[in-house]
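TrEMBL lists C82, C87, H164, H169 with the feature Zn(2+) binding site.
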Amino acid sequence: MSIALKQVFNKDKTFRPKRKFEPGTQRFELHKRAQASLNSGVDLKAAVQLPSGEDQNDWVAVHVVDFFNRINLIYGTICEFCTERTCPVMSGGPKYEYRWQDDHKYKKPTALPAPQYMNLLMDWIEVQINNEDIFPTCVGVPFPKNFLQICKKILCRLFRVFVHVYIHHFDRVIVMGAEAHVNTCYKHFYYFVTEMNLIDRKELEPLKEMTSRMCH
C-alpha cells in the first residue's frame, strides 16, 4: 500500500467515529463476512447475496453501517478540495443537482453547497444508525416495520456521495492512489443495492455509463 493510500485511510481522516458491532454477536459475524467481500479476488456479485438462513434485515443493517463508514472515509479523503467555492451546489455534473431536505431545519428541498450537504447527510445517517429503535444492537430486539424503507433512503443518499466524488473530484482520488479502493467500494455498493433491490434505477442514472463498464 502506498504511503499516500495509508494517509488516505488514517483514522484521523474519518469525519466521525465508526459505528462498530459487538464481537461475538450474530451481526458481528455477518459484518466480518461482508468485510471479507472486499478482499481481492472475491466475486463481489456473489458475495452480496443474502446467505442461506440469515435474516434480510440483519444483512442489510451490517451493510448500511459498513457503507456509511467506507463512504464517509472516501469523502473525508477529498473534503479539503470540496469547498463552497469549488462546489457551490451539491451536484453530479450539469444535469443532476441534489437538494437537502430533512424533518428539522430544511422542511423543503434546499439547494446547498456540497460540503454543507455532505455534513448534513453524514450527521443525518449517523443519528439513525446509532438509534437503537432503528438499528437495534441487542439480540432478539426486532427491527422497525419500516426498516427497509429507512435503509433505502440512506443508501439512495449515500449513492449521491459517489456521484459527486466521481464526477467532480476523481482527479484527487487518482492523485492519492486510492482509485482501486474507491472503485472496489463502489462495485460492492452497486452490486449490493441492486441485488437487494434497495435503490431506484433512476437514481443510478448519473453513473450509468461508468457502471456499465465497471460492473459487468
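Cβ coordinates are placed from backbone N, Cα and C, and glycine is handled just like the others.
Long-range neighbours of H164 (Zn(2+) binding site) (same chain, six or more residues apart, CB within less than 8 Å of its CB): C82, C87, M90, S91, G92, Y98, A114, M118. Under 8 Å, Cβ to Cβ, and six or more positions away along its own chain, H169 (Zn(2+) binding site) finds I78, F81, C82. Those residues of the chain, other than C82, C87, H164, H169, with a C-beta within 8 angstroms of the mean position of the Zn(2+) site C-beta atoms are I78, F81, T86, A114, P115, M118, V165, H168.
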